[in-house]
Amino acid sequence: MEGGIHGGADKSAFRECFSLTWKNPYVLRLAFSAGIGGVISGALLYIKEDFKTVDRETWLQEMIVSMAVAGAIVGAAIGGWANDKFGRRSAILMADFLFLIGAIVMAVTPNPSLIVVGRVFVGLGVGMASMTAPLYISEASPAKIRGALVSTNGFLITGGQFVSYLINLAFTDVKGTWRWMLGIAGVPALLQFILMFTLPESPRWLYRKGREEEAKAIMRRIYSAEDVEHEIRALKDSVELEILEEGSSEKINMIKLCKTKTVRRGLIAGVGLQVFQQFVGINTVMYYSPTIFQLAGFASNRTAILLSLVTAGLNAFGSIISIYLIDRAGRKKLLIISLLGVIVSLGLLTGVFYEVTTHAPAVSFLETQRFNNVTCPDYNSSLKAQTWDCMTCLKASSPSCGFCSSPSGKEHPGACWVSNDPVKDLCHNENRLWYTRGCPSNFGWFALLGLGLYIIFFSPGMGTVPWIVNSEIYPLRFRGICGGIAATANWISNLIVAQSFLSLTEAIGTSWTFLMFGVISVIALLFVVVCVPETKGMPMEEIEKMLEGRSLHFKFWKKRSQPVEKGNQTA
């Protein structure tokens with residue numbers, strides 16, 4: 001049976017992916033064209049704008065940042081409805097159009113306030129694309145290689161992040177830097193918009209809407225001759241059974257979703273994965289990457305940018321690992337291995353940040369007072385200046401201050417000075433290191449190791465698998481709306497973590513914040529073991545049957561009974 005779990009499938013899944021796409025390049029073109037939406041998402045996350053005109057308008061800066069995520073939340077919610085109403089292809093075209101409009105508005109606007117409007121449009125496009133692209137690829141892919149093809153979307157997301165770092169580097173000294181960056185971000189959207197006109201609608205959506213002949217014609221281009229008839233028959237049976245049970249009414253509400261067993265079980269797994277993807281701390285780890293680089297002794301800003309490029313490269317490399325393993329090891333095993341690595345990495349980061357906090361170099365009064373007008377004002381006015389160390393110095397905020405290491409060694413007492421470019425140059429001219437994001441530590445290399453391990457483990461598992469599972473786990477009739485609910489949960493969780501983790505680090509400290517994420521990762525691991533089913537190699541219609549009679553599966557390393565072909569069933 002096409003897509004069934006065969007004995008030799010694990011060993012040949014990756015080769016089979018290339019073999020099938022080589023024999024049928026139409027499938028690869030379809031997956032790549034839909035997956036370009038990932039590049040759009042990646043560009044949004046990491047391209048940094050230089051808004052000098054709003055330096056003193058803190059509320060406007062915060063709104064510029066938050067409006068994109070708020071737009072993505074709305075876009076994901078609308079995207080679910082649009083997918084079921086107008087189709088997957090149409091939803092992708094809408095997402096591209098919205099993103100393109102937003103990118104153009106931001107790139108040419110003369111008024112900083114209009115940038116907020118552009119960010120909303122960009123966010124709407126990203127939210128819609130984030131859940132639609134995996135769904136479109138999943139519904140139009142052979143089951144044997146579905147995971148690998150949907151993983152290309154994840155690879156293009158991380159690849160987009162990597163490219164955006166290169167763009168940052170390339171346009172650093174160019175006039176109107178941020179306009180170039182935002183304008184270039186619209187290129188992938190324009191490219192995908194054009195390519196999607198050459199591709200068909202999802203065959204499963206077409207069949208559900210009664211356009212059976214169109215659906216069959218597309219499926220014959222996707223599947224091999226010996227498999228296509230079985231796929232069409234399975235899809236026909238699934239739609240007929242659904243209509244028989246639910247009637248022909250198209251009205252869908254939350255009560256209906258919760259009452260339908262397969263949908264309820266799918267939503268628990270899908271929404272749970274999307275929420276945990278954000279709450280295991282990926283954004284916090286990425287935010288603290290400059291601090292981790294300084295802990296390792298790389299205090300130069302240019303070096304930090306280059307190392308950020310390495311970080312983005314590791315993230316993209318992890319996505320390639322996902323393409324290789326997703327149809328070989330399976331979704332569930334990949335998630336479990338990913339979370340185990342994330343837990344170890346967060347434990348390592350917790351220990352390093354605790355060591356740095358409790359053993360930071362002291363602030364030397366003599367070193368700090370060596371030059372006039374550069375001493376940190378908070379240090380001068382403090383009644384407990386003799387107790388100050390590097391961490392205390394970096395927490396000063398009126399104005400912000402930096403730590404200049406001792407010429408005798410970075411672990412010795414250094415100076416606490418005002419943080420600005422002339423003072424930084426003064427520190428560097430004496431062959432000393434300047435710290436503003438983290439303090440010197442002998443354990444800095446362990447922080448770098450923890451960061452690298454976290455990304456390598458997170459990317460192929462928790463980074464891509466939640467999107468894959470959500471693209472295949474729901475019954476056809478509810479697939480768009482449920483995918484939208486899960487994607488909305490992801491973006492809401494993203495916003496919650498982004499808005500709360502700085503307050504957390506101030507309230508309980510960085511090391512305890514990382515420890516908290518580690519505990520959440522343990523809970524996520526238990527959730528995956530108990531609540532997430534294995535869908536590797538299963539036709540989408542078989543997944544629905546599996547959820548109908550699914551029991552909890554604690555022994556994830558053991559294979560379940562093989563799916564039975566219809567032709568072999570007895571009456």
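Glycine is no exception: its Cβ is also placed from the backbone N, Cα and C atoms.
Because TrEMBL annotations are produced automatically, they should be read as predictions rather than curated entries.
Annotation comment: TrEMBL describes 1-536 as domain 'Major facilitator superfamily (MFS) profile'.
Here TrEMBL flags 26-47 (among others) as transmembrane segment.
Residues or ranges marked as transmembrane segment in TrEMBL: 59-79 (among others).
Here TrEMBL flags 91-108 (among others) as transmembrane segment.
Among the features that TrEMBL reports, transmembrane segment is placed at 114-137 (among others).
Annotation source TrEMBL lists transmembrane segment at 177-199 (among others).
What TrEMBL records for 266-289 (among others) is transmembrane segment. Same-chain neighbours of the transmembrane segment (266-289): 257, 307-308, 311, 335, 339, 342, 346, 349, 451, 454-455, 458, 462-463, 465-466, 469-470, 473-475, 482-483, 485-487, 489-490, 493-494, 496-498, 501, 510, 513-514, 517, 520-521, 523-524, 527-528, 531-533, 547, counting only residues six or more beyond its ends whose CB sits under 8 Å from a CB of the stretch.
The transmembrane segment annotation in TrEMBL covers 304-327 (among others).
Among the features that TrEMBL reports, transmembrane segment is placed at 334-354 (among others). For the transmembrane segment (334-354), the residues of the chain that approach it from at least six positions outside its boundaries are 273, 280-281, 285, 292, 295, 322, 325-326, 441, 443-444, 446-447, 449-451, 453-454, 456-458, 460-463, 465, 509-512, 514-515, 517-518, 521-522, 524-525, 528-529, 532, 556, judged by C-beta separation under 8 angstroms.
The annotation transmembrane segment is assigned in TrEMBL to 443-469 (among others). Sequence-distant contacts of the transmembrane segment (443-469), counting only residues of its own chain at least 6 positions beyond either end whose CB sits under 8 Å from a CB of the stretch, comprise 130-131, 134, 138, 146-147, 150-151, 153-154, 158, 269-270, 273-274, 276-277, 280, 282, 285, 289, 292-297, 311, 314-319, 321-322, 325-326, 331, 334-342, 344-346, 348-349, 351-353, 355-356, 486, 490, 524, 532, 535.
Tertiary neighbourhood of the transmembrane segment (481-502): same-chain residues 66, 69-70, 72-73, 76-81, 83-84, 127, 130-132, 134-135, 252, 257, 263, 266-267, 270-271, 273-275, 277-279, 281, 283-284, 287, 466, 470-471, 474, 513, selected by CB-CB distance under 8 Å and a gap of 6+ residues from either end. Residues or ranges marked as transmembrane segment in TrEMBL: 481-502 (among others).
Residues 268-269, 272-273, 276, 279-281, 284, 331-332, 335-336, 339-340, 342-343, 346-347, 349-350, 353, 462, 469, 504, 508, 552-554, 556 of the same chain lie 6 or more positions beyond the ends of the transmembrane segment (514-532) yet place their CB under 8 Å from a CB of it. Under the heading transmembrane segment, TrEMBL lists 514-532 (among others).
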